[in-house]
Amino acid sequence: MASSTALLSLLSPVSTPRSLRSLTITSSQPSIFLHSHHRRISAIRASSLAAQPVTTTPQDLVESILSKVNGTDRGVKLAKEGHQEVADVAMQLSKFCVDEPVKCPLIFGEWDVVYCSVPTSPGGGYRTAIGRLIFKTDEMVQVVEAPDIVRNRVSFSLFGFIDGQVSLKGKLKILDEKWIQVIFEPPELKIGSLGFQYGGESEVKLEITYIDEKIRLGKGSRGSLFVFLRRN
């Protein structure tokens, strides 16, 4: 009988004293606190990383503005929002402009006009809606020669069949550290083998807002934004 009682005692559930149960529950609390502590640290680190400013280089901005104007027929095909995006990038690039850009030797060379916020600013009537139907623009080039010569050229095909071009030669004058003025002679028109001058002199004023080995940005006196890409 004593042995049976002893066997039942071994097989019966062991009752845990109240003090021990309390100790067991308490021992799990540091683990809960530790996980919560780790979560707070992770949140703080994530917030700190998000607060760090993203560094944008001039090279990044140059590639960005070129990608926005590529395939737009020098800005003609861009919607209002697209023009605003180009203007925003140009504004950021202006912060990296060299001092006295009009005196920078990088200004000299041959440049493609790849964008203008006002289609008729480069090319005049040849770039209006009707003008583009008659004179299909092949290229628009500006050549700046030392010390003070500027040559503009718009090449086109008349109705898509006859090659032609309009060219202007001008003299550059520095107005201040950023602004230049160019006074152009009457334009010369060539269509096929025929060539003649027409009209009178004209002048433009342009602020150079950014320049490097690859692109040049300019803003006209009436606010037109130009993007020039250096020709290889």
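Note that Cβ sites are derived from N, Cα and C of the backbone, with glycine treated the same way.
Positions annotated as domain 'Plastid lipid-associated protein/fibrillin conserved' by TrEMBL: 60-190 (among others). Mean per-residue pLDDT, taken over the domain 'Plastid lipid-associated protein/fibrillin conserved' (60-190), amounts to 92.
Panel annotation: around the domain 'Plastid lipid-associated protein/fibrillin conserved' (201-228), residues 58, 62, 65-66, 69, 86-87, 90, 93-94, 96-98, 101-102, 104, 106-107, 111-118, 121-122, 142, 168, 170, 175, 178-187 of the same chain, lying at least six beyond its termini, place a Cβ under 8 Å from a Cβ of the stretch. Marked as domain 'Plastid lipid-associated protein/fibrillin conserved' by TrEMBL: 201-228 (among others).
As a summary of secondary structure, the domain 'Plastid lipid-associated protein/fibrillin conserved' (201-228) carries 0 helix, 20 strand, 8 coil according to DSSP.
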